[in-house]
Amino acid sequence: MEEKIINEERQGESLVVAGISENKRKLFIESYGCQMNFSDSEIVASILKDQGYNTTQNLEEADLVLVNTCSIRDKAEQTVRKRLEHYNAVKRINPGMKVGVLGCMAERLKSKFLEEEKIVDMVVGPDAYKDLPNLLKEVEDGRDAVNVILSKEETYGDIAPVRLGGNGVTAFVSITRGCDNMCTFCVVPFTRGRERSRDPQSIVAEVNDLAEKGYKEVTLLGQNVDSYLWYGGGLKKDFKNATEMQKATATNFSALLELVAQAQPGMRIRFSTSNPQDMTEDVLHAMSRHKNICNYIHLPVQSGSTQVLKAMNRQHTREEYFELIDKVREILPDCGISQDMIAGFPGETEEDHQDTLSLMEYVKYDFGFMFMYSERPGTMAARKLEDDIPTEIKKRRLTEIINMQQKHSAYRTAQFVGQTVEILIEKESKKSDAHWSGRNPQNTVAVFPKENYKPGDLVMVKINDCTSTTLIGEAVGYSKQD
Ligand code: SAH
Ligand code: F3S
């Protein structure tokens, strides 16, 4: 659970699902990076299921190896490179095996992978997964296959993802793709393209389907969920002008949240990620109106200095962020809040760094994901700003930020001791097979002795003790909601 405090990109996890018996070919699919990548891999597995592929966890027996890649920081790319070397070693034993790169590294490194280094057979960008059947034919015919075209429309709304290796209790449902925010440090707008929203009907249908299959919690996913906007069944380009568009019934994020919350009142609803500049009060009110929308907001700020925020092209000041935090606390007094923070952005002074620490002191986040600035090729920061903070200083600042977070996490978990909180049981505790593990609405992990309960149960747990990341308690009965 430490990874919550010092976030690493999720390390490669190869996930499997029960396949179809007629399917004879084997797919090994591994995902790195953000939740969206894991979610996309489920779409890919669904498309390939119809092409005769079942998933396997055994790399050696795979006919096709796909790695869903992350470009967010240099380290993430290095990890994937090492994996590609490993696949190629296996390929020497199993020459029939084909290797493909999916996701964010596809666009940037396609020619390097295919032509210069010849370490992969196929490169597929995040918007081209429906082209996989054609690309696989190319590969079978002995040609390299590549499609990294980014789309303004693709949302995969019509594809029912197969759920890979989940716990059967919690699932992710993507609601937007891409990002238009252009934060100067961030590669996502380049690797994942323009922002587009998926139609609400298909989102609700997917949530209903998950409920039918016994899932108890969904997280609505997007780079920036608050800018979700669907215009009465059409796309922006389908309207003559802005007024026509306004007249059509638009579904914004708070309306979508209500739709989903009402469709499945017995299910927990979460969402991620919120951008401070786009988060509106009506989202907070929707959360307070519906008990099943969890009181937890992942609200990355990146820096506590207005000057750095400006250089990052974040559209708010330190003071505006405080106002938003005050609003959250006013409307949702028991809301969990987490952060993303970057240490050592170009030009960051010691004073800016102190501003970050004092902002953290003000908010006292429940937990956070903290990173050293990593220059990404092609971003505005890489083109216009010198990566001028020495690594030693970046490291020291990051350590101070992490230490501060550790203190606040311990403070937050301690607040729950003595309380009885609602926990959705997800799985067995990693550390003890005699304990269940789940999360409270604020997204803090709790563990407690198993007794008669099972994964998927919503139980009330009396918290007796805690660490800085985990609540420790005992179940006192089912939640009344259950
Ligand atoms: N809105 C997105 C952000 C994606 S990137 C979301 O859904 O979370 C996740 C986090 O990685 C960012 O919030 C930022 O803190 C960090 N990050 C992005 N680019 C980075 C870079 N170049 N160097 C260091 N950290 C970065
Ligand atoms: Fe990246 Fe900023 Fe969008 S961090 S994903 S450009 S909100």
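Note: Cβ is positioned from N, Cα and C throughout, glycine not excepted.
From a predicted model like this one, the values you see are computed outputs, not experimental measurements.
According to TrEMBL, the features are:
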type: DOMAIN; residues: 25-141; note: domain 'MTTase N-terminal'
type: BINDING; residues: Cys34, Cys70, Cys104; note: [4Fe-4S] cluster 1 binding site
type: DOMAIN; residues: 165-412; note: domain 'Radical SAM core'
type: BINDING; residues: Cys179, Cys183, Cys186; note: [4Fe-4S] cluster 2 binding site
type: DOMAIN; residues: 414-477; note: domain 'TRAM'
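Filtering Cys34, Cys70, Cys104 by Cβ distance to ligand 2 (under 6 A) retains none of these binding-site residues.
Model confidence over the domain 'TRAM' (414-477) stands at 97, taken as the mean pLDDT rounded to a whole number.
The two recorded residues Cys179 ([4Fe-4S] cluster 2 binding site) and Cys34 ([4Fe-4S] cluster 1 binding site) have their Cα atoms spaced 14 Å from each other. Close to ligand 1, meaning a Cβ under 6 Å from one of its atoms, are these of the binding-site residues Cys104, Cys183, Cys186: Cys186.
For the domain 'TRAM' (414-477), residue counts in helix, strand and coil come to 3 helix, 36 strand, 25 coil, using DSSP. Annotation note: Cys70 ([4Fe-4S] cluster 1 binding site) sits in a coil segment as assigned by DSSP. The Cβ of Cys179 ([4Fe-4S] cluster 2 binding site) has 22 other Cβ atoms within 10 Å, all protein chains considered. Counting residue by residue with DSSP, the domain 'MTTase N-terminal' (25-141) contains 62 helix, 27 strand, 28 coil.
The binding-site residues examined here are Cys70, Cys183; by Cβ neighbour count within 10 Å, the least packed of them is Cys183.
Within the same chain, residues at least six positions away from Cys186 ([4Fe-4S] cluster 2 binding site) with a Cβ under 8 Å of its Cβ are Ile72, Cys179, Arg376, Thr379.
For the binding-site residues given as Cys34, Cys104, the lowest number of other CB atoms within 10 Å of the residue's CB is seen at Cys34.
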